[in-house]
Amino acid sequence: MKFFIKNVLLEEEKSDCIVIGVFEFCEFKYSNNYLNKSICSYINNFIKKGDMQGKVGETLLLYDVPNVVSKRILLVGCGKKNRLNRYYLDKIINKSMKILNKFSIKNIIFSLTEINIENYDIYWSIRTIVNSINKYLYKNFKINAFLKKEVYLNSISFHIIEKKDFHIANNSLKHALAINSGITAAKNLADLPPNICNPLYLSLQAQKLSEKYKDKIHVTSIDIKEMNNLGMNAYVAVGKGSKNKPYMSVIKYSGINNTEQEKIIVLIGKGLTFDSGGISIKPSNNMNEMKYDMCGAAAVYGTLIAAAKLNLPLTIIGILAGCENMPGGNAFRPGDIITTMSGKTVEILNTDAEGRLVLCDVLTYVQRFSPNIVIDIATLTGACVVALGNHFSGLFSNDDQLAYALEKSSRQTNDKIWRLPLSLEYEKELHSNFADLSNVGRGKAGAITASCFLAQFSKKYTWAHLDIAGTAWKSGKNHGATGRPVELLSQFLLNESNFLKF
């Protein structure tokens, strides 16, 4: 798929279809730089007759419009003026793409970038539209590949009216395509079946990044032998029941113009390629979805791809913490006491609370990099899904400034997060009579007590935890990975690197 920015007279541009937005209860008006008066009058006739009312997602396909070189114009309803937001825009793009695909259209021009989207300028309009298009294309290409159907669409252009906006629009498109490459990579990795995507496979995918981006990315793979030597006993314990041994990939991205004084940002992704629950085995219902317990690692993988394509002037260390939690003769048990890499001891009360055991050793391991910021991303708790549902990821942090920066990135991208508390009252729930900590709380607020557990191992640096258990994938009709929070993390890195949109 090719994308372009164009500053041309729409009626003179050749394409299979021009997509134009129409507001509800509004006369269609375009300046001479868009379409001339006779074309606007022609379109207004359909609006006056009631063929197009402008309701969100409503469409009307026009053929052979007088004085227009393109073969078709697709009118798409944008709802009430000044109320068009990202949610509605997503619906509009989805409906438009369905119509375009139905008629085997190969190249299109989107003129929606001139429509006023709530709180968005031209930069964010294009970012948002590209993101919506890629969401549709990802799903559609997968279905067509399965059904062995041809995909026709191969070129999308964005029309802008002001030449002064061309550089901004071009930058936006570059950013959008880089970030969406990361989102797609994360989805592709997460959607793989667990008999293919095991910890070794995850490690090999990381190695391929060093081959593809050899001037920017260096990868080190740490196997179970080295983990044992490092004292990562909690991490190793989780993988003991499986024949697929754990692998941890350390991916170092060194961006352009980075110096010794640059911030070092560490991203840690929980990579449980399958989580049966271990001895504390999960119910069989929906256990197939536990292949998605590595979506944190997939998100880190995708974010590093985006960073490499954006050439961000940062030093980023990504950790893919690959492991598989299975029952077996060597599996760890409820009642076990494990000495973590930090020296703290943990009493195991539930082997299905395994992600925090993997992460606690990784959080200790990354101290060697003297990081300025550490963010871990994990499908950590079902309790977070109960608290926030499937729309918001949970945010926990020991630093208000970092939490604010992540919340800002969330607002910019609409990749929603909600901050939850960390406090001593909740830490008391992790009390053990036999060890420093137990691996689960004894009361309620499971997402918070899990984060309090992680906080015990992240006191030496600025840290945040994203619980993506409710947002990493969708069930039901649209079953599949979402690629979240790659866009949020990529925007956070853009903001940290002061990569201005202009």
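Backbone N, Cα and C define each Cβ position, glycine as well.
These figures come from a predicted structure and were not determined experimentally.
Residues or ranges marked as active site by Swiss-Prot: Lys282, Arg356. Residues annotated as Mn(2+) 2 binding site in Swiss-Prot, with sequence analysis given as evidence: Lys270, Asp275, Asp293, Glu354. Sequence annotations record features per position, and here Swiss-Prot assigns Mn(2+) 1 binding site to Asp275, Asp352, Glu354.
Positions of the features from Swiss-Prot, shown on the structure.
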residue	record	DSSP class
Lys270	Mn(2+) 2 binding site	strand
Asp275	Mn(2+) 2 binding site	strand
Lys282	active site	coil
Asp293	Mn(2+) 2 binding site	helix
Asp352	Mn(2+) 1 binding site	coil
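Neighbour counts of Cβ atoms within 10 Å were compared for the recorded positions Lys270, Lys282, Arg356, and the top value is held by Lys270.
Cβ-based crowding with a 10 Å cutoff singles out Asp275 as the top-ranked of the binding-site residues Asp275, Asp352. For the binding-site residues Lys270, Asp275, Asp293, a Cα to Cα distance of within 10 angstroms from Asp352 (Mn(2+) 1 binding site) holds for Asp275. The two recorded residues Arg356 (active site) and Lys282 (active site) have their Cα atoms spaced 17 Å from each other. The Mn(2+) 1 site, placed at the center of the C-beta atoms of Asp275, Asp352, Glu354, has further neighbours from the same chain whose C-beta lies within 8 angstroms: Val238, Leu272, Ser276, Gly277, Gly278, Ser280, Lys282, Asp293, Asn325, Thr351, Ala353, Gly355. Around Asp293 (Mn(2+) 2 binding site), the same-chain residues six or more apart in sequence whose CB sits under 8 Å from its CB are Lys270, Leu272, Thr273, Phe274, Asp275, Gly355, Thr379, listed in sequence order.
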